[in-house]
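First the structure, in the form of structure tokens, and then the observations on it.
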Amino acid sequence: MESGYTITFAALGSQFLVGLSRAMILFIVSSGMSLVLGVLRVPNVAHGSLYMIGAFAAFSISSLFGGGSTGFWLALVFAPLVVALISFVAERSLFRHLYEREHLMLLLFTFALMLILGDLVKMFWGADYRSIMAPEMFQGAVPIFGSPFPKYNLFLLGVGPLVAVLLWLFITKTKIGKISRAAAVDMEMVGAIGINVSWVFAFAFVLGCLLAGLGGALVSPTVSITLGMDHDIIMEAFLIVAIGGLGNMWGALVGSLIFGLTQSFGVLFWPQFAIVFPYAAVVIVLTWRPKGILKSVW
Amino acid sequence: MRVLSKDFFNLRSLGPIIALLVVLVILPSIIPRFYIYILAVIFMTALLAMSLNMVVGHGGLFQFHHGAFYGVGAYTAALMLTKTSLPMWLGFVAGPFMAAFVGLLIGMFCVRLTKLYFGMLQISLGSLVWAIAFRWYSFTGGDDGIHGIPLPSLISSTKGAYYFGLILLILCVTVIYLIFKSPFGATLQAIRDNPERCEAIGINVRRHQLIAIVIATFFAGVAGVLFVVVEGSVFPDLLFWVFSLELFIMCLLGGWFTFAGPILGAAIMISLRTFVGIYTEYWTLILGIILILLIFFLPEGVWGYLLEKFGFQRKKLLEKEPDP
């Protein structure tokens, strides 16, 4: 390398963990997008904005309670709920009237939502940079592979699989989850046997948005919370669900791992253009399997 | 068949078009400089929206990141004008060709997919182009962009840029119209309406779509060169995906199943942005509300609505597409 340092095993190992914890955030956000995509068949362009709102709401809630540990945990619970509430209102008031229309109209509606939410965030929180402290038990770092690794990222490594398992249990074991999956495969049939499809859609949409909010709340102690954080994540989520297989939750997990790891290793090899690596991975995957690695639900 | 204005240039429309052109030629000597500039921006954006509509309205492809190609055209021209000592016209010619080349590269990946997959992949690959322009400080100037681009004296004034834009717009729209009316254009519209059937009767659907993308991105590059002429600078916002979706709204606003709709859409949008932007910093909020109103109340666009209202063709425009 030009800078004269050699890539050691320790550096690789710690970048691997960094990539893995990044992948957990990406998974939580993109699984939400994948859920909406699977059931409603619409890429929710506003997903990134909801993620941003999740982060800002986490900031407000945590500072309301003095910014300590209690504030953090409350933020983690209530910020996603705030996001879910916003998406519920948007869905019931406007979005549901479009289900009979062309899919493009649904997509454009989510785009309109993104534009509106983006400016509302600017009105409420302004353009300043905000930050949250992680609770004390997750502050600092522990040495792994001989280099310090933030404790909070270890926490993320635990939360990611937990969310994956909960989500899996939810959509395979509960009735509403099973109905959602059925609606993803054949919406008309679900309607024909007397289930209110509109509410199934509402449920999937709100749950997907809740995951975006959760991702935003979880990421908030590790980044500076600011306007524009919606744009990066939405691109990443798009790519992840595209390479994973649209609507496939496990595909979102695989996609997130590919994305997070190529990104963090990319930083090691070519810092300025680390962003190129995940995109290159996407191009390779999609050349090899145009419909994504795992089976798309539709 | 959902295209209304099959005969955009018929005898009935010829009169108003010529009248409009005469007005546009005379206008710069009457109105203040600021309005000349706004009109020049409208010409440029109208050309861009027309090129987008070639693939979206005529081709039925979800070209979600058209702005990337526009930006590539603008950056190519700007870089050649500032960093090389090659003749200026070469930069102007290279812009569109570079845009078409990038269009070919990205299009090759995208046409393998359909509908939403197509759109999402294109947004992503286009964003990669944006990221490169945004971060490569030593070459593209990063987020500052490139300013003070030297231009030939003939077109460096606002009036010069205006006439240059007007001429380019007329030329390109004529060519787009000829393509639209050609057998290729007819095939493209047939593919939009029923790709399976076209495939069955032996049309190479992917190749036609790819050619359409290359042509459209070429015109996007022309619009990019025009941007350089009008603004004298380039910056990465040109390639940002939100702008591309804004272009999409322009086509929707004007009416994308009409030939001239995107011109109208661009004109309305640029005027709104200019005059609403004076009063509020929350332009995107207003844009979002406009878009929601459009989706709910005017899905066939202003031009489409007018055409339908005044009886050029009574067919309902946006029927729900039958499931394949």
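Numbers here mean position along the shown chain, with the first residue as 1.
Placed from the backbone N, Cα and C atoms, the Cβ positions cover glycine too.
Unlike curated entries, TrEMBL annotations are predicted automatically.
A quick note: this is a predicted structure, and the numbers were derived from the prediction, not measured.
These features come from TrEMBL:
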- A:20-42: transmembrane segment (TRANSMEM)
- A:49-66: transmembrane segment (TRANSMEM)
- A:72-91: transmembrane segment (TRANSMEM)
- A:103-125: transmembrane segment (TRANSMEM)
- A:152-171: transmembrane segment (TRANSMEM)
- A:192-217: transmembrane segment (TRANSMEM)
- A:237-261: transmembrane segment (TRANSMEM)
- A:268-288: transmembrane segment (TRANSMEM)
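Between the transmembrane segment (A:103-125) and the listed ranges A:20-42, A:49-66, A:152-171, A:237-261, A:268-288, the one holding the most Cβ pairs under 8 Å is A:49-66. Touching of the transmembrane segment (A:237-261) and the transmembrane segment (A:49-66) is ruled out by the presence of fewer than three CB pairs under 8 A, sequence neighbours closer than 6 excluded. Tallying C-beta pairs under 8 angstroms between the transmembrane segment (A:20-42) and each of A:49-66, A:72-91, A:152-171 places A:152-171 first. Panel annotation: around the transmembrane segment (A:72-91), residues 50, 53-55, 57-59, 61-62, 65, 113, 117, 132-135, 201-202, 205-207, 209-214, 216-218, 220-221 of the same chain, lying at least six beyond its termini, place a Cβ under 8 Å from a Cβ of the stretch. Nonlocal intrachain contacts for the transmembrane segment (A:152-171), taken as residues 6+ away from its ends with a CB within less than 8 angstroms of a stretch CB, comprise 17-18, 20-21, 23-25, 27-28, 31, 35, 134, 138-139, 142, 177-178, 180-181, 211, 214, 218, 221-222, 249, 253.
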